[in-house]
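Okay, so here's the structure we're looking at.
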Amino acid sequence: MSDLKTAALEYHAHPRPGKLSVELTKATATARDLSLAYSPGVAEPVREIARDPELAYKYTGKGNLVAVISDGTAILGLGNLGPLASKPVMEGKGVLFKRFAGIDVFDIEVDSESPQAFIDTVKRISITFGGINLEDIKAPECFEIEKALIEQCDIPVFHDDQHGTAIVTAAGMINALEIAGKTLADAKIVCLGAGAAAISCMKLLVSMGAKLENIFMVDSKGVVQSERTDLNQYKAMFAHATEKRTLADALDGADVFVGLSGPNLLSAEGLKSMAANPIVFACSNPDPEISPELAHATRSDVIMATGRSDYPNQVNNVLGFPFIFRGALDVRAKRINEEMKVAAANALRELAKLPVPQEVCDAYGGIKLEFGREYIIPKPMDKRLITLISDAVAKAAIETGVATLPYPKHYPLQSVDDVFNG
Ligand SMILES: NC(=O)C1=CN([C@@H]2O[C@H](COP(=O)(O)OP(=O)(O)OC[C@H]3O[C@@H](n4cnc5c(N)ncnc54)[C@H](OP(=O)(O)O)[C@@H]3O)[C@@H](O)[C@H]2O)C=CC1
Ligand SMILES: CC(=O)C(=O)O
Ligand SMILES: [Mg+2]
């Protein structure tokens, strides 16, 4: 077994299975405490919530509780391995929500026979939560599922693989282009993958200035182009009349490669054919479309990012979802709208340009981190993420009328420890 495999299995198995547990937030030492926590005292908040459902936010953990829900149909880049196999990833998202934004998570793996069954299940349990983070649900079903749940639930519903990924990709991309001396408006972009993450990433890039005609999407059958008769409506939005048919055709002279597909799909030859200062976001997890080692050996001018924690430039939705939900929950937003997503992307992008505190450098082995080719996007351990992204999201929610609470008195948060100081 590889060292990483052994260590990862050991980490998950010991000293107790899994990565999360439920903790108590109130005293439970005496009979009096129990008479408040449970019968008879618990009847009082029950009566209050029955009278006014909004009081669930006052008397229960609802307002700080997010459901991370999957059907296991697109677990990272590992594919459709079923709901139970997705549980380590969903627990992992729970770890990240808690560690970076103080948000409690129940992970829920749904064994559903159809998108409608999944929608019905999630809708029925949605009242338990302050928000719903959908995860690792494959395209195109994920689009229909998210749309239905947004319509049917009055709490934020957010498919992380779509929007979390898009926000972080857009932030990193605009910075990488700036370093390469290029612009989003002119960049020729190849997106390998045409699923949940890819469609949403390309849509956000277009809304932030990329030209639809400059984007070539490639799926498992080749270039998404207008002569194809097998395209779903989401892919069809990106279909051009073009002679290009293969990934190699699309890559020739391209400025940007975004990989949201699977492992080892970008070859050295493909990378060689790209324009000067090529930007490669090989974001498939756990194994990228091209390894950074091969990319750097192939091109000295490549600006390289992956979805992984163990290389520079981690373009991963961990930089988005904890802080976006934090901001949304704290103003009790009814949804996470486009303005909130763009605000998050801009906050993230701008943070990368600020001097990096020593403690962040220390968490990454003491290396000097400075805006440039090896640091296009902040590191997950940077405490300023919660300060800036949650603040930007909360403000955008208020400005666009989806917040139901005013700007929080304890904002901007200085760290995750400030979450309950409000
Ligand atoms: N770094 C990050 O933050 C994130 C990374 N990802 C990564 O993105 C990838 C896709 O995830 P997601 O969008 O949720 O999954 P989906 O199942 O929704 O989409 C997968 C897409 O990959 C395409 N694909 C698969 N194999 C190939 C191939 N050989 N050549 C070209 N395209 C291929 C599929 O093509 P077809 O449509 O023809 O089936 C499909 O369009 C995963 O590797 C995942 O780890 C996802 C979210 C966040
Ligand atoms: C990071 C993530 O959400 C994924 O790879 O699916
Ligand atoms: Mg995911």
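Glycine residues also receive a Cβ, built from the backbone N, Cα and C atoms like all the rest.
Model, not experiment: these values are computed from the prediction.
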According to TrEMBL, Glu135, Asp136 bind divalent metal cation; which of Asp104, Asp111, Asp154, Asp161 is also listed for that site?
Asp161
For the binding-site residues Asp136, Asp161, Asn285, which sit with their CB under 6 angstroms from an atom of ligand 3?
Asp136, Asp161
An 8 Å radius from the center of the Glu135, Asp136, Asp161 Cβ atoms defines the neighbourhood of the divalent metal cation site; name the other residues of that chain inside it, in order.
Ser70, Ala74, Ile75, Val89, Leu134, Ile137, His159, Asp160, Ala196
At a 10 A cut-off on CB-CB distances, which of the recorded positions Tyr38, Glu135, Asp136, Asn285, Asn316 has the highest count?
Glu135
Out of the recorded positions I have (Tyr38, Glu135, Asp161, Asn285, Asn316), which ones have their Cβ sitting under 6 Å from ligand 1?
Asp161, Asn285, Asn316
Quick one: which of the recorded positions (Tyr38, Lys93, Asp161, Asn285) have their CB closer than 6 Å to ligand 2?
Asp161, Asn285
Under 8 Å by Cβ from Lys93 (active site, proton acceptor), counting only residues of that chain that are 6 or more apart:
Val68, Val105, Asp107, Asn133, Glu135, Asp160, Phe321
